[in-house]
Amino acid sequence: MREERSEPPPGAAVSGRALTPRALALGALLGAGLSLTNLYVGLKTGLAFPVTVIACVLGLGMYRALAWPWRTRSRPGLSLLETSAMQSTASSAGYSTGGTLISANVAWLMLSGHHPPGWALFCWTLLISALGVLFAVPLQHAFLHRESLPFPSGLAAASAARMLQQGDVSARQGTRVLGGAALVAGLLTFARDGLKRIPASLPLAGTVHGVPLAPLSFSLDLGLLSPGVGALVGPRIAASILLGAITCFGVLVPWLHVRGTLPQPDYAHASDWSMWPGTALVTSAAFTHLLSRRDVLRRAFSSLLQAGAGGPGSHTGPGQVPRSWWLAGLALLSLGTVVLGAGVFGIPPHLGLFGVLLSFPLAVAACRVTGETDVTPSGALGQLAQIAFCVVMPGNPLASTIAASLSGSTASTSADLLTDVKAGSLLGATPRQTVLAQLWGCLVGSAVIVPAFLLLVPDTSVLSEEHFPAPGGTFVEGLARVLATGLGTLAPASRWGALAGGVGGILLALLEQHAPERLRPFVPSAIGVGIAFVLPPSAALSMFLGSLAAALLARARPAFALVATVPLAAGLIAGESLVSLTLTLLAVLGLLPPS
């Protein structure tokens with residue numbers, strides 16, 4: 001029977017090897033940097049960005065810069081196959097390994113006051129990311145071949161690779177913009193945090209109901225990371241975050257202070273209350289969005305059953321993952337996850353196995369939604385897993401939180417793999433090559449991101465407005481506490497805030513779904529509004545200004561904006577993140593005074 005597979009476009013360079021040392025080394029180097037960037041952004045803003053397209057553009061640009069002095073006819077540039085392997089490695093390392101750290105592991109630290117052992121955290125991160133890769137293997141035929149779902153980021157990555165290989169001027173221009181933006185952001189960060197020549201922010205004057213705005217973190221942030229994030233998320237999300245910040249810290253907090261509910265109207269004390277309506281708003285909105293896509297989920301499982309997804313063995317062929325590899329890998333990773341969960345994290349073995357089994361249907365849902373919309377519902381799926389574990393492990397928020405990270409993280413990793421397989425198939429790579437490159441990326445990413453996480457977040461003292469607000473961890477910790485003890489243990493203001501946030505999240509999500517098409521861009525994002533409740537208003541303001549600048553650029557110079565906006569934003573994020581991480585490392589080594 002002829003193998004069903006997306007054929008690369010005519011003229012594609014499909015000969016040669018994909019998993020060459022230089023492709024894997026470059027992917028590992030790039031993935032390490034992207035994993036650190038996503039970790040830093042996640043701790044700062046609660047957001048994480050798939051890096052498929054960025055990895056492709058930045059990787060080829062890096063290779064040209066590093067290999068230019070030695071490049072000859074006998075040593076040509078990266079082939080399309082090598083580009084696919086490089087991009088898959090970098091994407092896996094940069095995106096698939098950090099989700100559990102910025103959410104579940106931050107929540108573990110908040111709940112327990114300490115980290116689990118570093119070796120256990122590394123093994124857990126590696127195991128669940130690799131499990132996500134293997135869970136996606138039997139989904140390839142159903143979603144990529146039988147239904148040919150678009151996976152837009154995969155299409156964009158393949159297109160970018162071809163343009164760069166063919167010497168496309170606009171693609172090279174994007175690479176230069178990315179490098180220049182990273183340099184500017186890095187120098188500004190060094191001047192601010194290293195040399196202490198400029199302040200971190202400029203406080204805004206003014207009061208609301210007699211409450212000064214400056215202590216509530218209404219200030220102009222003198223950094224370029226948040227504007228870069230705003231340019232990536234777009235004006236609707238950024239405006240929603242600013243709306244949420246103004247509503248929470250500019251309206252509700254001063255009002256509660258005047259009523260005597262909040263004695264100290266500053267950001268640190270206000271966030272003790274605001275986390276509850278924020279958590280409820282994000283959780284209820286995420287579930288409402290997920291339920292509104294039940295037709296998508298139904299098609300996902302129907303397609304999987306019709307494709308006969310008992311494993312990859314039904315569709316083996318040249319370049320496919322052998323069934324024996326898949327079964328052996330799945331068994332070993334599942335066993336390792338169950339044993340580690342029981343020995344270190346206090347998860348009973350039968351519930352650890354339940355977590356592994358729960359991960360597969362969540363991965364199916366994540367892959368289907370990502371394939372159609374390019375948006376992975378990892379937040380909603382992670383919260384669903386957390387609720388499931390809190391039901392089967394009542395009164396044990398620590399174990400249920402870390403167990404839920406298993407199911408939520410594997411789902412997002414599976415979606416990332418299928419995005420890479422889509423890009424690889426268009427470049428001539430086989431699923432086996434992509435899976436192996438992703439597994440290598442899981443190892444590299446785990447080895448880099450876990451030590452960096454422990455370095456950046458040694459204890460709860462850095463989980464603050466000045467260092468890392470960590471909204472993702474705050475949401476998970478808040479949900480764990482409520483599910484473990486009930487709403488009755490909260491203060492009345494927090495209970496009413498959670499109730500209002502839950503209702504508001506449902507209403508906003510329904511409004512997003514059912515608003516007329518022409519009005520939908522103006523409907524506030526429920527997730528954006530909710531994130532703002534645990535994010536300093538200074539970050540919200542900077543994100544909005546970044547998105548506004550990107551929108552004005554698109555209006556004034558649309559052709560240039562199409563080429564430059566994403567590389568510019570990625571460069572700003574990478575430049576500030578990597579320099580901040582370097583300064584932190586130097587401070588830990590005693591080469592710089594602590595900030």
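A Cβ is built for glycine as well, from the same backbone N, Cα and C atoms used for every other residue.
Automatic prediction, not curation, is the source of TrEMBL annotations.
Residues or ranges marked as transmembrane segment by TrEMBL: 23-41 (among others).
What TrEMBL records for 47-66 (among others) is transmembrane segment.
Look at TrEMBL and you will find 93-111 (among others) tagged as transmembrane segment.
Here the transmembrane segment (117-137) has Cβ contacts under 8 Å with residues 92, 96-97, 100-101, 105, 311-312, 321, 326, 329-330, 333-334, 336-337, 340-341, 344-345, 356, 359-360, 363, 367, 402, 405-406, 409-418, 421, 431, 435, 438-439, 442-443, 445-447, 449-451, 453-454 of the same chain, all six or more residues outside its ends. What TrEMBL records for 117-137 (among others) is transmembrane segment.
Distant neighbours of the transmembrane segment (237-255): 208-211, 213, 216-218, 230, 262, 265, 267, 270, 273-274, 277-278, 524-533, 535, 537, 540-541, 543-544, 546-548; these residues of the same chain sit at least 6 beyond its ends, with a Cβ under 8 Å from one of its Cβ atoms. Positions annotated as transmembrane segment by TrEMBL: 237-255 (among others).
According to TrEMBL, the feature transmembrane segment maps to 275-292 (among others). Through the fold, the transmembrane segment (275-292) approaches residues 244, 248, 365, 377, 379-381, 383-384, 471, 474-475, 478-479, 482, 490, 494-495, 497-506, 508-510, 512-513, 526-527, 529-534 of its own chain, all at least 6 residues removed from its boundaries and within a Cβ separation under 8 Å.
Same-chain neighbours of the transmembrane segment (325-345): 116-117, 120, 123-124, 127-128, 130-131, 134, 137-138, 311-313, 352-353, 355-356, 398-399, 402-403, 406, counting only residues six or more beyond its ends whose CB sits under 8 Å from a CB of the stretch. The annotation transmembrane segment is assigned in TrEMBL to 325-345 (among others).
If you look up TrEMBL, you'll see 435-457 (among others) marked as transmembrane segment.
Sequence annotations record features per position, and here TrEMBL assigns transmembrane segment to 493-511 (among others). Under 8 Å from some Cβ of the transmembrane segment (493-511) lie the Cβ atoms of residues 256, 261-262, 273-274, 276-286, 288-289, 292, 482, 487, 523-526, 529-530, 533, all in the same chain and six or more residues away from its ends.
Within the same chain, residues 44-47, 201, 216-221, 223, 226-231, 233-250, 267, 271, 274-275, 277-279, 281-282, 285-286, 288-289, 379, 465, 469, 471, 474-475, 501, 504-505, 508-509, 511-512, 515, 560-561, 564-565, 569, 572 sit at least 6 positions outside the transmembrane segment (523-553) and bring their C-beta atoms closer than 8 Å to a C-beta of that stretch. What TrEMBL lists as transmembrane segment is 523-553 (among others).
According to TrEMBL, the transmembrane segment annotation covers 559-592 (among others). If you look at the transmembrane segment (559-592), the same-chain residues 6 or more away from its ends with a CB under 8 A from one of its CBs are 33-34, 36-37, 40-41, 53-54, 57-58, 170-171, 173-175, 177-190, 193-194, 223-225, 227-229, 231-232, 452, 455-456, 546, 550, 553.
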